[in-house]
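Visitor: Starting off with a structure, shown below.
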Amino acid sequence: MSDALINGLAGAGGGIIAQLITYPLQTVNTRQQTDRDPKEEKRSLGTIEQMCQVVKQEGWDRLYGGLTPSLVGTAASQGVYYYFYQIFRNKAEATALERKKKGFGDGSVGMFSSLVVAALSGCVNVLLTNPIWVVVTRMQTHSKKSVPNRSESLASETESLSSKEVILAAVEPPPYGTSNVIHEIYGEAGVWGFWKGVFPTLIMVSNPSIQFMLYETLLKKLKKRRSSSGKSNNDVTALEIFLLGALAKLGATVVTYPLLVVKARLQAKQVTNGDRRRQYKGTLDAIMKMIRYEGFYGIYNGMGTKIVQSVLAAAVLFMVKEELVRGTRWLLTSGAIDNVKSKPT
């Protein structure tokens with residue numbers, strides 16, 4: 001089994017576990033990012049309060065809206081990312097060794113090369129998996145309260161319903177599963193609708209690039225300290241990897257968060273009423289309208305929730321991934337040794 005495939009599968013497994021743990025936070029954060037009315041009372045609510053509000057008004061299931069496509073997207077994204085990351089990383093390491101043979105450098109991959117490797121991997125990942133995340137965003141922002149109003153032509157029919165039936169109709173909208181969302185997106189913009197928000201998302205590859213650059217730099221320094229103290233590099237514990245992953249993600253999130261808000265606004269269902277403040281033609285138009293009508297607060301809306309969710313998810317992801325990689329390599333090595341021993345002499 002190739003090293004790239006091991007890292008790809010381990011990344012997918014770690015991503016799924018991290019997603020399951022932090023998904024309710026992600027749902028609340030997506031709603032915060034797509035909240036376009038700065039006067040809404042719920043802006044003053046904290047993350048936990050808003051989660052409780054969703055549960056009270058819409059039920060526990062709404063905190064996990066879009067979980068199935070999200071898990072598929074997470075597995076695909078992490079698998080694709082880590083697979084191509086390892087391939088590009090191997091090529092960068094080979095290039096560094098060739099340069100060393102020619103008398104240039106020390107044979108190690110520098111920070112800039114690590115940044116380029118992560119950026120290329122991120123671009124491939126975005127282009128392949130963006131449609132999944134458009135579907136997930138729609139399902140996360142779908143609320144049982146936001147039911148389309150009946151047309152005036154049906155007003156007489158509504159009047160004939162009992163008050164209880166009207167309340168039930170207002171609370172329980174039609175089913176909104178994955179297939180419903182796919183048809184809705186296709187009906188609005190065709191195939192290209194599934195690549196909404198791809199431009200800011202491509203720019204946002206700088207987030208994992210910065211994240212991995214920080215992570216590998218911190219990990220390299222920690223291993224160097226281990227070596228200088230006479231300890232093996234394998235002595236890096238799961239807790240230390242957890243903390244390194246959290247620190248790396250924290251730095252990357254603070255820098256790139258505004259792009260994340262823009263991406264969510266573009267991927268969410270566009271408001272079709274006469275309020276042009278809520279209609280975005282593209283990335284630049286969204287940024288300008290958010291700053292103009294909501295202030296700089298708008299482009300950082302929900303950042304506190306995102307930091308908690310993304311830092312926790314990244315920390316779990318790194319920890320689980322490294323343990324899966326380590327365990328897989330151990331199993332493969334043990335299997336190879338057993339095969340050698342079992343051969344007749």
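Note that Cβ sites are derived from N, Cα and C of the backbone, with glycine treated the same way.
Remember, predicted model here, so these are calculated numbers, not experimental data.
When I checked TrEMBL for this same protein, it listed these features:
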REPEAT    2-91  repeat 'Solcar'
REPEAT    109-221  repeat 'Solcar'
REPEAT    236-327  repeat 'Solcar'
TRANSMEM  109-128  transmembrane segment
TRANSMEM  197-215  transmembrane segment
TRANSMEM  236-260  transmembrane segment
TRANSMEM  298-320  transmembrane segment
Visitor: Near the transmembrane segment (197-215), which same-chain residues lie under 8 Å Cβ to Cβ, leaving out any that are not at least 6 residues past its ends?
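Guide: Sequence-remote neighbours of the transmembrane segment (197-215) are 81, 85, 111, 114-115, 117-119, 121-123, 125-127, 130, 133-134, 137, 244-245, 247-249, 251-253, 255-256, 259-260, 262-264, 266-267, 282-283, 314, 318.
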Visitor: Suppose you look only at the repeat 'Solcar' (236-327); what would the mean pLDDT be?
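Guide: Summing pLDDT over the repeat 'Solcar' (236-327) and dividing by its length gives 80.
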Visitor: Are there residues at least six beyond either end of the transmembrane segment (236-260) with Cβ under 8 Å to its Cβ atoms? List them, or say none.
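Guide: Cβ under 8 Å, 6 or more out: 33, 200-201, 203-204, 206-212, 214-215, 218-219, 222-223, 226, 287, 299-300, 303, 306-307, 310-319, 322-323.
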Visitor: Provide the three-state DSSP residue tally for the repeat 'Solcar' (236-327): helix first, then strand, then coil.
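Guide: Going by DSSP assignments, the repeat 'Solcar' (236-327) contains 74 helix, 0 strand, 18 coil.
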